[in-house]
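Positions annotated as site 'Transition state stabilizer' by Swiss-Prot: 34, 261. Annotation comment: Swiss-Prot describes 69, 70, 91, 201 as substrate binding site.
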């Protein structure tokens, strides 16, 4: 028997043994992962993400991927000479813009991600919320534009119809369950269909949160471009409850785009998801560190 104990090899063995209780805990569970941000535009990070998803499937976890694509939609609209407008972070979406969004999300991005997973040795099925009537959407109510955009006479904020922007109203998980049971990985574009038969563009975080709740997922992961939720001194907050989030929003610790993300997390855990995690998608294999190590790698939100 060899007596050469390579420290690096021993460290790898210790990592595997540390993962054992988590492998046992999560076997057969469902994880919903919202994939977006910087990681989508970096081939190395995209490869790392695909490998992580395939590994989860290989160890008996059912990953369900929901992806975004706002920057890609913006680039395509610019190339086509179509102006982009936003209200409260939501894209004003007319019929033409909705068609472009569906083309980019359900076409280019979705199939590219399926290909990354295939290259990593997995089998993925690319779908959108329209397939099988999975996501029935309702139109998002008109929004008040920022105060800078006001009626010239009254000075009141102008109410803007966002067009074909929706949010999940009902979710049928049959298609997702069928794909998972077949040993494959669902990759879902955030597009839904309304009762009126119209196509609606849905915020990817919102879509992922609603799907996680409908599935009763063990985890919802939101991959972002920040380490997680930070306090005022920029230290990572590793464990939060809904009451903590309300307090942090009230005192200004969290603001901007982080607020709707955390609202999604709170809704998900209150509607059936066991826990949610906000973590840095720019860090290679951050999701594996969060799942399989005691220290974790992001901010965990529980009810």
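Cβ atoms here come from the backbone N, Cα and C positions, even for glycine.
Features as recorded by Swiss-Prot, highlighted on the structure.
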| residue | record | contacts (Cβ under 8 Å, 6+ apart) |
| --- | --- | --- |
| 34 | site 'Transition state stabilizer' | 66, 67, 68, 204, 205, 207, 208, 220, 221, 222, 223 |
| 69 | substrate binding site | 36, 40, 104, 105, 109, 189, 204 |
| 70 | substrate binding site | 36, 91 |
| 201 | substrate binding site | 91, 93, 97, 98, 101, 102, 105, 164, 165, 166, 190, 191 |
| 261 | site 'Transition state stabilizer' | 205, 222, 224, 278 |
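Within 10 Å of the C-beta of residue 91 (substrate binding site) there are 21 other C-beta atoms, taking all protein chains into account.
Put simply, the two farthest-apart Cα atoms among 69, 70, 91, 201, the recorded binders of substrate, are 12 Å from each other.
Apart from the site residues 69, 70, 91, 201, the chain places the Cβ of 68, 73, 74, 93, 101, 104, 105, 190, 203, 204 no farther than 8 Å from the centroid of the site's Cβ atoms, the recorded substrate location.
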